[in-house]
Amino acid sequence: MNIAIVKYNAGNIQSVLYALERLGINATVTGDADALRSADKVIFPGVGEASSAMQSLQENGLDAVIKDLKQPVLGICVGMQLLCNHSEENDTKCLGIVPVGVKRFPATSNQQGEGFLNSTLTKAGEGILKVPQVGWNTIYDLRSPLFSGIPDSSYIYNVHSYYATDSQYTIARCNYGLPYAAAVQKDNFYGVQFHTEKSADTGDRILHNFLSL
Amino acid sequence: MPVANTISALAKRIIPCLDIKDGRTVKGTNFVELRDAGDPVELAARYALEGADELVFLDITATVERRKTLADLVKRIAHRINIPFTVGGGIRSVEDVSVLLGSGADKVSINTAAFQNPELIAGIAKAAGSQCVVLAIDTRLEDDGEWYVYLNGGRTKTDAKCFEWAKKAVDLGAGEILLTSMNHDGTKAGFALDITRRLSDALPIPVIASGGGGNMQHFVDVFQDAHADAALAASIFHFKEIAIPDLKQHLKGYGIPVRI
């Protein structure tokens, strides 16, 4: 099977590559349009900031290439967010493949321009929402072959401050302060907010399921 | 269908820590007296299989070749394990970080260099995101009742107070605090509950408690009473005094959310 990973300026490509290797798959990391178009499956990873990731795609003409892909595509984390319409992260227009919005979790945080005093106002011991969401959370309402064999409430690993809003395209939910789309699908485009490549056996199974689509 | 609780129950994380010296796992007591605890990659794979939620590797090698050997080790680890891991030890620049993240690490832990050059925190956060910046603080409770920051693996005392430094680090962009109580480290007498709770309740980022975990009840205490997001330990896991599956069952029995 010919698996291509989209090469652009986003992190964690290496981790996805290693995860596939553990499944016995040698993937190609490429930014070449023909190589992406001819792959059996395309994985679109990402860790980083949405606007610079979009800019990198545009500079390399990859935005148009990704939109036209016909084979199964799996966006991971920021890769998933970029499949959506728009992200609140630096007011970024995304690829618009899955027509949902990406918002910031409704909590203050330590990031960019928000001072500590401001961020402590909403805090009071346990039960506060720390942003980014870092850690193991559970997914439910699983409805896609992508989650074949995955029990409801399985734990998956998350690192993110922004989330895709719940919609008709949601194929898995997760709660963090509010219910959001842990995974989305439209046509041949799949996206998971969590990190399959770091989600232990559950993540391995989801990657395996994607490769079996 | 599970109840859609408004506040999520992120699993409390159990994190084995591997201190690495010259490519081997070592463990000391109160920051000295190192004992050999095996091959780090094999240990890491074992822990991932047993249900560890994350791993921390701290390189205490002092050779000039360390950067390259650490990157090689990170690659070997990343090939083998399917859970997140943090790498620390001697990281001084954003470039050091990009080498480690590029080799497959998910986060980096910084300590002395960040204290001496706080802009390092902001620099890494800008380049790679706050989520990958784990600020490690070694702290000791002194006779005056204050927790002070120590550097250089606990050898150098500073006048800085732990709480103040942690707050500043959050403002600069730290994504997590790895808090080690030197009073408790290696004692197996329990975690430092007061300072852990103080940070955990006040900071908008996760706090990893470290130092003193000796039995399963200590972990219950650090999650229930000190509100830690994660607990880190070394020798009790390395020398099989506590098995991770047993620990998680114990925590679950107390209603603490854990990934099983």
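One is the number of the first residue shown, and numbering goes on along the chain from there.
Backbone N, Cα and C define each Cβ position, glycine as well.
No curator has checked TrEMBL annotations; they are predicted automatically.
Copied over from TrEMBL:
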- A:10-211: domain 'Glutamine amidotransferase' (DOMAIN)
- A:C77: active site, nucleophile (ACT_SITE)
- A:H195: active site (ACT_SITE)
- A:E197: active site (ACT_SITE)
DSSP three-state assignment for A:E197 (active site): helix
Most Cβ neighbours inside 10 Å, all chains, among the active-site residues A:H195, A:E197: A:E197
A:E197 (active site) to A:C77 (active site, nucleophile) - Cα separation in whole Å: 11
Three-state secondary structure, A:C77 (active site, nucleophile) (per DSSP): coil
Number of Cβ atoms other than its own within 10 Å, given for A:C77 (active site, nucleophile): 27
Distance from the residue listed as 'active site, nucleophile' back to A:H195 (active site), taken between C-alpha atoms, in Å: 7
